[in-house]
Amino acid sequence: MAEEEALERGEINGGLTSMDSIDSRWVFQDEDDSEVDDEEAEDDVRHRTVVDSEDDEDDDNAEQRLIRTGPRIDSFDVEALEVPGALRNEYEDFSLGRKIIIAFQTLGVVFGDVGTSPLYAFSVMFKKAPINGNEDVIGAMSLVLYTLILIPLLKYVLVVLWANDDGEGGTFALYSLICRHAKVSLLPNQLPSDARISSFRLKVPSPELERSLKIKERLEASLTLKRLLLTLVLAGTAMVIADGVVTPAMSVVSAVSGLKIGVDAIKQDQVVMISVAFLVILFSVQKFGTSKVGLAVGPALFIWFCSLGGIGIYNLVKYDSSVLKAFNPVHIYYFFKRNSTKGWYSLGGCLLCATGSEAMFADLCYFSVRSVQLTFVLLVLPCLMLGYLGQAAYLMENPAAAEQAFFSSIPSGLFWPVFLIANIAALIASRAMTTATFSCIKQSMALGCFPRLKIIHTSRKFMGQIYIPVVNWFLLVVCLVSICTISSIDEIGNAYGIAELGVMMMTTILVTIVMLLIWQINIIIVLSFIIIFLGLELTFFSSVLWSVGDGSWIILVFAIIMFFIMFIWNYGSKLKYETEVKQKLSMDLMRELGCNLGTIRAPGIGLLYNELVKGIPAIFGHFLTTLPAIHSMIIFVCIKYVPVPVVPQSERFLFRRVCPKNYHIFRCIARYGYKDVRKESHQTFEQLLIESLEKFIRREAQERSLESDGDDGDTDSEDMTSFSRVLIAPNGSVYSLGVPLLAEYKESSEPVSEASTSEEVKPVPPADQTAYDAEQSIERELSFIRKAKESGVVYLLGHGDIRARKDSWFIKKLIINYFYAFLRKNCRRGIANLSVPHSHLMQVGMTYMV
């Protein structure tokens, strides 16, 4: 605990108390020791003084007392401490053979995009800045070399890959990482107990650095900064999706264009038709998954990289090895001096050598950081450099072949084998950003920024490997339209640069925030990072943006459309949640209705699904007024995605008692990470939920018993005496709650329950009738739950229709009533994820005016 307190001082000081209110509060309590849970109260650690009330009896004749409560343990927070374990990396402890297989999969999934850049980079560069001498070739080669060193190697491999979210990469992984360390999410459903998830925390150095705390406070206090951050994330994600469209187009068309070198009769129209056929086949096999496809194409890509290196060495020896002078960066200056404006235009083509850099980060969830780094440094980068040097050596003697630099530089006897491998590699590259797009969209769905879609998990062993059918076919259609509309390699390359640079710039900004807020490293390093890389990317972006009118505007328009889809979905979801919070039912109303809730309580359990993490949802009132009876036990279930990749099963469910005990109403928050797989059947889910509820009831009794044990003092005053309270979790961990308790608490007109299930806290035999009655009360409640479970479980779902209020602005009405309504109507319904038979469902419609 000492280490935790040192790391998290100011958040979890002394175990639980720093975030808790020290104010006491007044609540009603029933005769059977059932405290009414005021869900609006702040999370705190429980102690209480019982005061007799002279108020008259309530209308339902239930005997109640007004009791004063001090700081109290939120059941959510106590449960969240149950399993403070750490996740194991999926890829640890593998045998040597398994590591070799993963290395091949890494090649096939992560490096296909960057590996095929030699097919088109020089062709696009020299189309915009034609070769007028050997110095142009050496200057262009120098540009390519240092672009490879600066962007893929220094920025991504050595820096950005370490900004992963517990092994998860991509734009939304960075956003979730920031959300965990600062409350910047626009959806107000965060709970203090979320920070108790074992995978939630990072071991951050020096959390008390003044700069980091100021940045955190500024981000949390400014709504404008929160919106700006979300806008950057959505823009980056839109560019990733656009990248998933243009990558297959560029890779496949450039590979198939080699036919024009091998067969004179082939024209550009035939190249486009063959490319279309290849892409249809490619997207059709996407459903077989990353593991199967990655293992199949990994060896092919290994042969491709070896071919690049081998051909590069051959050309260096045969033609002109003086291109090695390109390692001197002064030739970049000579290149721009000779070509001026044309040299600036050619930067868009130069950037293409670094395409696929973002895929290394976005596809990181499939593989470990170290495997990606080692594979790039030891194999990918050397082969790429040799490949480009070989092409430059060939162009020194054959400058007229710049339009098809790669295929022209292949030795004649190896042309067709290399052409075959090049097309296979291009198909692999096309999958790289498609795979990254799937990962990014799943993350955005989990964090409430993308409409719900069907997700298929293609691997039983690695849960991050997914396939989204709708996205797959949508990308195919847009890709085919792009190829047929923009058939020129130059125009496709320009569109490619726009999409790639958009992602790169967003990643640079987000990683800079991570450096300041989480890594807390020297400010000089942070400034150097953002100035060098953002300045470099803005220079490249100015080049490609100048040529946007050539046809690449189609990709820019597509990215803007995707951005607005995500923005509208997030905006509508936020308004819906805020409206539900405002319309939730009050506890006073529940007390007035009484334990029968103003209706008939039929045997069984009703699981009412809603999005609220606190309060009683308004849809529950619709069920009470619509149905002739309600179930004897009600559990409000909230499926909540927290900004972590994975929530362990043992930490999945958190419970709270919503009303007095005789109401039999609970709240359950089922927490999932954005990488979690929700594949359990409804029977399994029900079983896990009921088991967790029983553990909660026993743990609640255990906590009260521990509290009462500390009340055996002999003071006569009413002052508070400080006790060091200890909570023993089921896994054996001991937590010191370190809060003041009342020494004088001996009026035991209330029964005090005893711990009965934890192995570490053995039950003490009842010493008096009160303790015996308390234990019997626990068993009666557990028996009631089991009987209700035997009577059946019914899922109560509210189908909400969202409408803008009549006095809203026209733009808001347009967005909510038409665009957002269209997305909700056509997205995957939440019921589809439950796998519940229709005979177990009850639905009630409700309209939310936002």
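Numbers run from 1 along the shown chain.
Using the three backbone atoms N, Cα and C, a Cβ is placed for every residue, glycine included.
According to TrEMBL, the region 'Disordered' annotation covers 28-66.
Marked as compositional bias 'Acidic residues' by TrEMBL: 29-43 (among others).
Taken from TrEMBL, the feature compositional bias 'Acidic residues' covers 52-61 (among others).
Marked as transmembrane segment by TrEMBL: 100-123 (among others).
Marked as domain 'K+ potassium transporter integral membrane' by TrEMBL: 103-588.
Sequence-remote contacts of a segment are chain residues at least 6 beyond its ends whose Cβ falls under 8 Å from one of its Cβ atoms, and for the transmembrane segment (143-163) they are 114, 121-122, 125, 169, 174, 177, 326-327, 329, 332, 335, 346-347, 350-351, 353-354, 356-358, 360-361, 364, 369, 372-373, 376-377, 381, 384-385, 388, 504, 507-508, 510-511, 514, 529, 532-533, 536. Summarising the annotation, TrEMBL assigns transmembrane segment to 143-163 (among others).
The transmembrane segment feature in TrEMBL is assigned to 228-250 (among others). For the transmembrane segment (228-250), the residues of the chain that approach it from at least six positions outside its boundaries are 113, 120, 170-172, 174-175, 178, 184, 186, 219, 275, 279, 282-283, 352, 355-356, 358, 362, 429-430, 432-434, 436-437, 440-441, 444, 449, 475, 478-479, 482-483, 486, 489, 492-493, 495-496, 498-500, 502-503, 506-507, 509-510, 513, 555-556, 558-560, 562-563, 566-567, 570, judged by C-beta separation under 8 angstroms.
For 270-286 (among others), the entry in TrEMBL reads transmembrane segment. Long-range neighbours of the transmembrane segment (270-286) within the same chain, counting only residues 6 or more positions beyond its ends whose Cβ lies under 8 Å from a Cβ of the stretch, are 248-249, 252-253, 256-257, 259-260, 293, 423, 426-427, 430-431, 434, 467, 472-473, 475-476, 479-480, 483-484, 487.
TrEMBL lists 293-317 (among others) with the feature transmembrane segment. Packing against the transmembrane segment (293-317) from elsewhere in the chain are residues 101, 103-109, 111-112, 115-116, 118, 285-286, 323-324, 366, 379-380, 382-391, 393-394, 409-411, 414, 418, 421-422, 424-425, 427-428, 431: each is 6 or more residues past its ends and has a CB under 8 Å from a CB in it.
If you look up TrEMBL, you'll see 344-367 (among others) marked as transmembrane segment.
What TrEMBL records for 374-394 (among others) is transmembrane segment.
Residues of the same chain lying 6 or more positions beyond the ends of the transmembrane segment (414-441) and with a Cβ under 8 Å from any Cβ of it are 108-113, 115-116, 119, 168-172, 237, 240-241, 243-244, 247-248, 251-252, 254-256, 258-259, 261-262, 278-279, 282-283, 286, 290, 293, 297, 300-301, 303-304, 307, 311, 356, 358-359, 362-363, 365-366, 406-407, 450, 453, 464, 466-468, 471-472, 475. The transmembrane segment annotation in TrEMBL covers 414-441 (among others).
Marked as transmembrane segment by TrEMBL: 462-489 (among others).
As annotated by TrEMBL, transmembrane segment applies to 495-518 (among others).
Positions annotated as transmembrane segment by TrEMBL: 525-546 (among others).
Residues 186, 230-231, 234-235, 237-239, 241-242, 245-246, 444, 448-451, 478, 481-482, 485-486, 491-492, 494-499, 502, 544, 802, 815-816, 819-820, 823-824, 850 of the same chain sit 6 or more residues outside the transmembrane segment (552-572) yet have a Cβ under 8 Å from a Cβ within it. Here TrEMBL flags 552-572 (among others) as transmembrane segment.
Mean pLDDT across the domain 'K+ potassium transporter C-terminal' (603-848) comes to 72 in this model.
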